[in-house]
Amino acid sequence: VHLHGDEKAAVLALWDKVDEEKVGGEALGRLLVVYPWTQRFFDSFGDLSTAAAVMGNPKVKAHGKKVLHSFGEGVHHLDDLKVTFAQLSELHCDKLHVDPENFRLLGNVLVVVLAQQFGKAFTPELQAAYQKVVAGVASALAHKYH
């Protein structure tokens, strides 16, 4: 990911304030509600029949935290995302057969949740930097597919 020094500093500063459990659960939950076809990868999560069921589902929240923790690893290794996400890319491609477009969708949902969580502190400039980051992470996760 090509960020200027001030962009990288701003991304890292905001990330240090992110509650991985709260933001991760919200982001994954929204992905499953807004793009319901993504639910097919989460059959073992139980009731995903309504938005309220998805957003209140403890397995969604727990997996969302796990996803956001991995995303945070990427935030701290922006210069080496392909290596950082190599194993996850292989898992999602070879074993789980996840459509790589879902990584882009989740990244965009994450940006929405960050904007919601941080309000005015999530400036247009910071959003632009995070859009670069989520695009880079999505590309790294899709790398095994190429």
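If you go along the chain as it appears here, the first residue is 1 and each next one adds 1.
Glycine residues also receive a Cβ, built from the backbone N, Cα and C atoms like all the rest.
Since we're looking at a predicted model, the values are computed, not measured.
Database features, via Swiss-Prot:
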MOD_RES   Val1  N-acetylvaline
DOMAIN    2-146  domain 'Globin'
MOD_RES   Lys17  N6-succinyllysine
MOD_RES   Ser44  phosphoserine
MOD_RES   Lys59  N6-succinyllysine
BINDING   His63, His92  heme b binding site
MOD_RES   Arg104  asymmetric dimethylarginine
MOD_RES   Thr123  phosphothreonine
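Known features from Swiss-Prot, placed on the structure.
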{"residue": "Val1", "record": "N-acetylvaline", "Cβ neighbours (10 Å)": "21"}
{"residue": "Lys17", "record": "N6-succinyllysine", "Cβ neighbours (10 Å)": "10"}
{"residue": "Ser44", "record": "phosphoserine", "Cβ neighbours (10 Å)": "6"}
{"residue": "Lys59", "record": "N6-succinyllysine", "Cβ neighbours (10 Å)": "15"}
{"residue": "His63", "record": "heme b binding site", "Cβ neighbours (10 Å)": "18"}
{"residue": "Arg104", "record": "asymmetric dimethylarginine", "Cβ neighbours (10 Å)": "17"}
{"residue": "Thr123", "record": "phosphothreonine", "Cβ neighbours (10 Å)": "13"}
Relative to the Cα of Val1 (N-acetylvaline), which of the modified residues Lys17, Ser44, Arg104 has the closest Cα?
Arg104
Please report the distance from the Cα of Lys17 (N6-succinyllysine) to the Cα of the residue listed as 'phosphothreonine', rounded to the nearest angstrom.
15
Nearest to Lys59 (N6-succinyllysine) by Cα distance: which of the modified residues Ser44, Arg104, Thr123 is it?
Ser44
Give me the CA-CA distance between the residue listed as 'phosphoserine' and Arg104 (asymmetric dimethylarginine), in Å, as a whole number.
23
DSSP-assigned states of the domain 'Globin' (2-146) in counts, ordered helix, strand, coil:
119 helix, 0 strand, 26 coil
